[in-house]
């Protein structure tokens with residue numbers, strides 16, 4: 001085999017071994033973000049740097065510059081960097097790099113972070129416990145409002161009933177008094193009418209006696225009979241409705257004809 005062919009073969013083998021070594025070394029370093037590379041503004045993010053080997057120091061770089069650095073834990077394979085609350089300055093490309101015995105490893109693949117403007121309260125969804133508590137509170141408040149409304153309506157109805165009853169009682173007292181006064185006046189009028197009627201009857205009877213006394217019969221004269229009729233209409237008009245049986249008898253006697261015999 002010519003010498004130059006051997007030299008070319010050795011160079012190819014060396015280059016292949018070097019490339020394999022670089023690929024294996026790159027696969028040993030990984031970087032990721034929790035919960036994800038897109039973060040709402042104001043939240044927190046955790047960047048995880050992982051390696052299969054053991055190193056003394058781990059560094060987080062942003063676009064080739066040191067961003068954060070810390071000592072590794074013994075036998076630790078994952079190293080976390082907590083960042084937040086985040087803002088727009090966090091946006092960019094990040095890498096992980098490790099150091100052991102003052103020798104730095106190669107950088108990991110790139111991780112791009114993005115910060116979006118979003119309200120934190122809107123981005124966080126409420127949990128089931130919060131939702132159940134809120135629904136229970138709403139139901140309880142609705143029941144309370146219903147009970148209070150019913151009690152208020154009952155109290156209002158009772159108040160109106162008492163008010164109307166009291167008002168009717170006040171209006172009924174004057175009416176009763178007026179009715180009593182009217183009945184008393186009617187009784188007084190009836191009593192006065194009866195007294196006047198008895199006086200009239202007595203006067204008529206006296207005048208009747210006087211007439212009988214003046215018209216005495218004379219002996220030897222012809223017997224003449226004269227009938228005198230009393231004014232019955234004037235007597236009956238002055239009577240009242242409520243007349244006792246005794247007064248009725250007196251009025252009947254006053255309406256009879258008086259016969260006077262004249263000799």
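Glycine is treated like the rest: Cβ placed from N, Cα and C.
It should be emphasised that the depicted structure is a prediction, and the values quoted were computed from it without experimental measurement.
Here is what Swiss-Prot says about this protein:
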SIGNAL    1-21  signal peptide
DOMAIN    27-112  domain 'Ig-like C2-type'
CARBOHYD  87  N-linked glycosylation site
TRANSMEM  144-164  transmembrane segment
MOD_RES   227  phosphotyrosine
MOTIF     255-260  motif 'ITIM motif 2'
MOD_RES   257  phosphotyrosine
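With helix defined as DSSP H, G or I and strand as E or B, the domain 'Ig-like C2-type' (27-112) counts 4 helix, 48 strand, 34 coil. For the domain 'Ig-like C2-type' (27-112), the model gives a mean pLDDT of 89. Cβ contacts within 10 Å of the residue listed as 'N-linked glycosylation site', excluding its own Cβ and spanning all protein chains shown: 12.
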